[in-house]
Amino acid sequence: MLDKHGRKINYLRVSVTDRCNLRCVYCMPPEGIVKKEHDNIMRYEEIFKVVKSASLLGVNKIRFTGGEPLILKDIDKLIYNTSKINSIKDIAMTTNAILLEDMVEELKKDGLKRVNISLDSLKEDRFKSITRGGDINKVFKSIEKSLSIGMKPIKINTVIMKGINDDEIDDFMNLTKKYPISVRFIELMPIGEGRKLYEDSYISSEEIISKHSDLIPVETDKSSTALLYKFKESKENIGFISPMSCKFCSGCNRVRLTSEGTLKPCLHSEKEVDLKNYVDSSQALLSKINETIYNKPLEHHMIEEKESKSKKMMYQIGG
């Protein structure tokens, strides 16, 4: 469907849980996280009702996120049932891949089309530091398994932070020369824990691109959040997602469902609508989703204000 600004909204990002098995420095605090009661988190059946209703309004792309989505007990069932909705053409997942190796083959059979893997360092000790305890070898094994079963495309999402991992930019880029893997560099955002790092660690996509004159621009879909490039010898693309230096609001085609059941028309807006009160009435749920999508804000003002209006952490909204 179209929002009131004429944008076609066909993409729903679904945070299935706010829980995670890592504690990445820009996403979650190291401690003090209060686990929400199950009654305050959407159940699998409720999530599916929202997905089904959104599909009736023209949503044909679904991405499951977290927290860490593979923690959800019914994630396989959710993917399978979503794949049976005829109008849904693309089912993707963003994961830290710690649990992916043993699950990816069955998830692919269930209907998962592609995965984005959050990976902010290729160095074992640094990865452990950034994630506060993660085992990078589990991620590497998950990538290998995903490649071996033909999961494609596989994209690596890397948040670049000055003085923390920016010395690995070339190493990440070179992955696209060796493997059929895309890499996405994401600008650090002043949201949640990222606010504490932003002033010292933000680095713009433009700064990275300017240092790599051999990058070749690739034609990009209008609704894409990434500007795409590749090297002459690349097997896949290198993307730059630049919410701070080059916002993509004019072509935005997505809304987000949080694990608490609120629908956010914009990641960086305070506005959100609680859908949990409507899931028992299909018509009321459809109407409320329709209304929220139609009233999606024209744009965010994070570039000018240097801060997201969202009061939630990224793990609560969905990465």
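Every residue, even glycine, has its Cβ placed from backbone N, Cα and C.
Summarising the annotation, Swiss-Prot assigns domain 'Radical SAM core' to 4-219. Summarising the annotation, Swiss-Prot assigns GTP binding site to R13, R63, T94, K155, R254, V255, R256. Under the heading [4Fe-4S] cluster 1 binding site, Swiss-Prot lists C20, C24, C27. Marked as S-adenosyl-L-methionine binding site by Swiss-Prot on the basis of sequence analysis: Y26, G67, S118, M189. Feature annotation from Swiss-Prot assigns [4Fe-4S] cluster 2 binding site to C249, C252, C266.
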Chain-internal residues, separated by at least six, CB under 8 A from R63 (GTP binding site): Y11, L12, R13, V14, I91, A92, M93, T94, N116
Whole-number mean of pLDDT values that fall within the domain 'Radical SAM core' (4-219): 96
Candidate binding-site residues C20, C27, G67, C249, C266, pick with smallest Cα gap to V255 (GTP binding site): C266
Other same-chain residues whose Cβ falls within 8 Å of the Cβ centroid of C249, C252, C266, the recorded [4Fe-4S] cluster 2 site, in sequence order: K247, F248, P265, L267, H268, K296, P297, L298, E299, H300
R256 (GTP binding site): tally of other CB atoms within 10 A of its CB: 20
Other CB atoms, at most 10 A from the CB of C20 ([4Fe-4S] cluster 1 binding site): 20
From binding-site residues C20, C27, C249, C266, the one whose Cα lies nearest G67 (S-adenosyl-L-methionine binding site): C20
Site extent for GTP, whole Å (max Cα pair distance, R13, R63, T94, K155, R254, V255, R256): 21
Whole-number Å value for how far M189 (S-adenosyl-L-methionine binding site) lies from C252 ([4Fe-4S] cluster 2 binding site) (Cα to Cα): 17
Which of C27, C249, all binding-site residues, has a Cβ with the fewest other Cβ atoms inside 10 Å: C249
